[in-house]
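Peer 1: My structure is below; once you've seen it, I'll send some questions.
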Amino acid sequence: MATHKDVKKVVLAYSGGLDTSIILKWLQTELGAEVVTFTADLGQGEELEPARRKAEMLGIKEIHIEDLREEFVRDFVFPMFRANALYEGTYLLGTSIARPLIAKRLVEIAAETGADAIAHGATGKGNDQVRFELTAYALNPDIKVIAPWRDWTFKSRTDLLNFARDHQIPVPSDKQGEAPFSVDANLLHSSSEGKVLEDPWSEPPEYVHQRTVSPFDAPDRATEITIGFKRGDAVSLNGEAVSPATLLAKLNDLGRDNGIGRIDLVENRFVGMKSRGVYETPGGTILLAAHRAIESITLDRGAAHLKDELMPRYAELIYNGFWYSPEREMLQALIDKSQEDVEGEVRLKLYKGNVIVTGRRSDKSLYSDALVTFEDDRGAYDQKDAAGFIRLNALRLRTLAARKRLQG
């Protein structure tokens, strides 16, 4: 166990859930430290007031609950979506992108309150411990970080439940009357892990899903929407200008009702193991489809292809916790440059889990119907030019083929 005897005051990232409530009590009883709680409102909704009440019940005097929804979407989610970031081709990074903002505020609140350290509830098996701590050290190289899951003697959630009962800490239960799934939620997504989901062959029970109706139960009629973009960011919905957080919240509602954004995946954690989770990202799934659609008519081919080549590396940096690294910032500058003319409108239909693009338009479109028409293009494109183009590109292939023929 690491020694933290010199720690007198700790800022704890506190959700009000089982893990962080036990950590709070552990910091008080084992370290004798004064605890300051910080709860970020990233759009998780009803979690917040119970977190305040539980912190008060546990004797906390300094309770910080901050509405960071606009900052979260504007400064973290939207920059990531300019890159069309997907980790391992499927994961929209809903948990990953929230950690840098939470850790940033932990470091700032520690400085504001004169705390000796910060603490988080991430386990020693997961990615979040890395994300929190890499961010903290990037912003304050001298910060002290307490990670109780790596220090205490608890080995399982059963141990946690026993500790909670011994210290009169309320334990919520899910609809099956058991200890809850491990869950995370913010304005971009919700996730569920653990219990039956630890078997990758087991179908997720329907009650696991927090954000969406089943696609099979979604309306039999499509919902049509239009999203407006400016410099790569969504700025309007159905012609109405709205703030980043408001827009994402509205897309979440639309996606929820139409069963959009569910994924069941097994991912490769940064720490080396595979994990299975059920993620729901209704608004983000719609936004990604719309952003790619507007890029399709406003981005040059070379720029678009380069972005797609760089995207996996960019997504991996976010997944692994390197939001504040120089390489992520370098890639962000390139991505942001590519978005200068990414503006216009995209029309979509939402239907039973599907996001269907039905139109896109932009004053800065590179699409030319005069060039692609099957009718008379009035000299806009001379098809005879294609012969020389093909001949030059075939030169190396013909040379290789000739050598193979000579070699028999």
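Every residue gets a Cβ built from N, Cα and C, even glycine.
So Swiss-Prot says this about it:
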{"type": "BINDING", "residues": "Ala13, Tyr14, Ser15, Gly16, Gly17, Leu18, Asp19, Thr20, Ser21, Ala40, Gly121", "note": "ATP binding site"}
{"type": "BINDING", "residues": "Tyr91, Ser96, Asn127, Arg131, Ser182, Ser191, Glu267, Tyr279", "note": "L-citrulline binding site"}
{"type": "BINDING", "residues": "Thr123, Asn127, Asp128", "note": "L-aspartate binding site"}
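Just tell me what is around each of these and how deep it sits.
Peer 2: Contacts of Gly121 (ATP binding site) defined by a Cβ separation under 8 A and a same-chain sequence distance of 6+ are given as Leu12, Ala13, Ser15, Gly17, Asp19, Thr20, Ile23, Pro148, Trp149, in order along the sequence.
A strand conformation is recorded for Glu267 (L-citrulline binding site) in the three-state DSSP classification. For Glu267 (L-citrulline binding site), the Cβ neighbour count at a 10 Å cut-off comes to 17, with all displayed protein chains included.
Close to Asn127 (L-citrulline binding site) in the fold, though at least 6 residues off in sequence, lie Ser96, Arg269, Phe270, Val271, Tyr319, Asn320, Gly321, each with a CB less than 8 Å from its CB.
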Peer 1: Could you tally the C-beta atoms, other than its own, that fall within 10 angstroms of the C-beta of Tyr91 (L-citrulline binding site)?
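Peer 2: Within a 10 Å radius of the Cβ of Tyr91 (L-citrulline binding site) lie 21 other Cβ atoms.
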Peer 1: Within 8 Å of the Cβ centre of Thr123, Asn127, Asp128, which other residues of the chain have their Cβ, at the recorded L-aspartate site?
Peer 2: Ala122, Lys125, Gly126, Gln129, Val130, Arg131, Arg269, Val271
Peer 1: Select the most exposed residue of Ser21, Ser96, Ser182, Ser191, where exposure means the fewest other Cβ atoms within 10 Å, treating these as the binding-site residues.
Peer 2: Ser182
Peer 1: Pop the Cα-Cα gap between Thr123 (L-aspartate binding site) and Glu267 (L-citrulline binding site) into the table, whole Å please.
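Peer 2: Given the Cα positions, Glu267 (L-citrulline binding site) is 17 Å from Thr123 (L-aspartate binding site).
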